[in-house]
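Chemist: Grabbed the feature section from TrEMBL, which reads as follows:
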type	residues	note
BINDING	190, 197, 200, 206	[4Fe-4S] cluster binding site
DOMAIN	40-188	domain 'HhH-GPD'
């Protein structure tokens, strides 16, 4: 944490007022679809993933479908996601792990989820909170990392260390929602290149206001 962080309670209050319907931007209908979408979302936008998942989910409905999928066919279905060669291999690996170790089901613990190809802590936290309502950590993506630093909640660059800093200052029951709120604010106002500090409702408490 920095020397002059934004008041976390006040920041959360304002963020909740601004984004009352804050929720995950990825479209999914079950835990497997969410896990798949999050794995695909690395290094690309949720909008891009939402544009390709309907066809993918129509083709692959179970872990067994992914485990037995043809890699070339998967690559064609997910090409718009970027890095599709590696992601196709990850999805097949995901399917195999789910079938071999978890009976074809998405596991419900962080320790088990991170065993899946393409699923690190961020992915595990997203799946646990949004698919199962479970909280074991905070999903730190680029928006959460950027805004946490600008608001003075961390000096770290490593997502795991940022997550630890945030977990130390936030009540556990706020961990899941906090990530969504920062993602919404990061997309709408506190963007990477040109944050709109003039219009930001946190500018009176943010230590980085008008300095980025």
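Residue numbering: from 1, along the chain as shown.
Quick reminder: no glycine exception, Cβ is built from N, Cα and C everywhere.
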Chemist: Only counting partners 6 or more residues apart, tell me which same-chain residues put their Cβ under 8 Å from the Cβ of residue 197 ([4Fe-4S] cluster binding site).
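Modeler: Non-local contacts for residue 197 ([4Fe-4S] cluster binding site): 203, 206, 209, 210, 212.
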Chemist: Using a 10 angstroms cut-off on Cβ to Cβ distances, just flag whichever of 190, 200, 206 is the loneliest among these binding-site residues.
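Modeler: Among the binding-site residues 190, 200, 206, the lowest count of other Cβ atoms within 10 Å belongs to 200.
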Chemist: Residues other than 190, 197, 200, 206 within 8 Å, Cβ to Cβ centroid, of the [4Fe-4S] cluster site?
Modeler: 150, 189, 195, 196, 202, 203, 208, 209, 212
Chemist: Taking helix as H, G and I and strand as E and B in DSSP, count the residues of the domain 'HhH-GPD' (40-188) in helix, strand and coil.
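Modeler: So the counts come to 102 helix, 0 strand, 47 coil.
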